[in-house]
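The next block holds one structure in the form of structure tokens; read it before the comments.
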Amino acid sequence: MLNSAMSVVILAAGKGTRMYSDIPKVLHTLAGKPMVQHVIDAATKLGAAQVHLVYGHGGELLKQTLKDDKLNWVLQAEQLGTGHAMQQAAPFFSDDEDILMLYGDVPLISVETLQRLRDAKPQGGIGLLTVKLDDPSGYGRITRENGKVTGIVEHKDATDEQRQIQEINTGILIANGADLKRWLSKMTNNNAQGEYYITDIIALAYQEGREIAAVHPARISETDGVNNRLQLSRLERIYQAEQAEKLLLSGVMLRDPARFDLRGTLHCGMDVEIDANVIIEGYVTLGHRVKIGAGCIIKNSVIGDDCEISPYSVVEDAHLEAACTIGPFARLRPGAELLAGAHVGNFVEMKKARLGKGSKAGHLTYLGDAEIGDNVNIGAGTITCNYDGANKFKTVIGDDVFVGSDTQLVAPVTVGKGATIAAGTTVTRNVADNELVLSRVPQVHKQGWQRPVKKK
């Protein structure tokens, strides 16, 4: 039976000794963001009125990393078990709300599973998430009588008979705030570990005649925890496989789903094709018929219809209109903007630069702090010299300009419409419309020149 209000407690106090890291375990990343952030996001989507985060090791780093989230920070100075952690948060529980208990190192838990758990919670009872494992070694076993859940026995405290039980506790549960506070106050640490187990509340609830409803997740991997980097890497692959499956079923062509990483949010149009070893980070939008070549990295960018990004290009915080072509081996840095039909070729770098409609920068070029008009040709080896060691300056190039190879444009400088800049020119002054600009060192010819030779 569903109460109108619900808050969430996320346990995140563990150090994560087996990670062999100075970083708190829950801050290690999965799919580009901290594990605990996945759990916070799930709690938020579920509509939690408040999220209590129980922390201990690395508290300052946790607070700094999660500063944008609305959290109630609860200190667990000593790690004396899950029950002890919940006792620290208990003073913040309202009597008339449900409390959902989650873990910062169980990052794949889904909103759908949590909603089913919330819906299944009996009035005055407990909703408990359990799974059945072929090898339940090390996990707390679910004990039942006549099919009803009666308690949870930790592996270290279980009898040989109880250790044969395959149904195990995931640690995720939901109960009423008033009931939970009462049960937490009755817990003891009379067990092999000398800790306060949250699992003891199951037996306490059963003794009061309360119903415990067990719910299974859609996928066992939803409840997998992380204690070491091997487990984290396995969950990463599970997560990525799930994301790839969703994209394929929605019409996106992933040439090799096992070699695709989504570390953010991807929105795709129709007939999008993505080759192997592509990484998507942040918020990315791909229009209709976009093609992404092998080995590309796309981050926080919008790619318009019919664009093609050739292999091993990096696109970050950029905006491409329709029918642009990029790469191979191109780099678009933050602030790069390409208008319709523009082309950026191999070993071209753009930053805070706008390339107009139909304009081309085909090879070996740096365009920084630049505004480039339509139908402009940027020759190979062109550089906008935008930095004097202290300040950045802008280069403006008008429509229909032809820039020859090996040109340096020393900003601030403006090149007028229709101008032609000869190869090898260093432009230091503004150029008027339709002018030809060239700078040359006199070419010297020496007949009969004897090339120096090495002495033996």
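Numbering starts at 1 and runs along the chain as displayed.
Placement of Cβ uses the backbone N, Cα and C atoms for every residue, glycine included.
Features reported for this protein in Swiss-Prot:
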- 1-229: region 'Pyrophosphorylase' (REGION)
- 11-14, K25, Q76, 81-82, 103-105, G140, E154, N169, N227, R333, K351, Y366, N377: UDP-N-acetyl-alpha-D-glucosamine binding site (BINDING)
- D105, N227: Mg(2+) binding site (BINDING)
- 230-250: region 'Linker' (REGION)
- 251-456: region 'N-acetyltransferase' (REGION)
- H363: active site, proton acceptor (ACT_SITE)
- A380, N386, Y387, S405, A423, R440: acetyl-CoA binding site (BINDING)
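N377 (UDP-N-acetyl-alpha-D-glucosamine binding site) falls within a strand segment according to DSSP. In this structure the C-alpha atoms belonging to E154 (UDP-N-acetyl-alpha-D-glucosamine binding site) and S405 (acetyl-CoA binding site) are separated by 73 Å. Of all the Cβ atoms in the protein chains shown, 16 others lie within 10 Å of the Cβ of R333 (UDP-N-acetyl-alpha-D-glucosamine binding site). Looking at H363, R440, the recorded positions in this record, the fewest other C-beta atoms within 10 angstroms of the C-beta turn up around R440.
Separating the Cα atoms of R440 (acetyl-CoA binding site) and N377 (UDP-N-acetyl-alpha-D-glucosamine binding site) is a whole-number distance of 21 Å. Long-range contacts of the region 'Linker' (230-250) within the same chain: residues 19, 28, 30-31, 35, 107-108, 221, 224, 257-258, 260-262, 266, 268, each at least 6 residues beyond the stretch ends and with a Cβ under 8 Å from a Cβ of the stretch.
Set side by side, the binding-site residues G14, G81, G104 differ in how many other CB atoms lie within 10 angstroms of their CB, and the most is found at G104. The binding-site residues listed here are L11, A380; among them, L11 has the most other Cβ atoms within 10 Å of its own Cβ. Among the recorded positions D105, N227, R333, H363, the residue whose Cα lies closest in space to that of A380 (acetyl-CoA binding site) is H363. Secondary structure at L11 (UDP-N-acetyl-alpha-D-glucosamine binding site), as computed by DSSP, is strand. Summarising model confidence by region, the region 'Linker' (230-250) averages a pLDDT of 98. There are 15 other CB atoms within 10 A of the CB of A423 (acetyl-CoA binding site), with all protein chains counted. Recorded residues G81 (UDP-N-acetyl-alpha-D-glucosamine binding site) and S405 (acetyl-CoA binding site) have their alpha carbons 69 Å apart, per Cα-Cα distance.
Under a cutoff of 8 A between CB atoms, and with a sequence separation of 6+ in the same chain, the neighbours of Y387 (acetyl-CoA binding site) are G368, F393.
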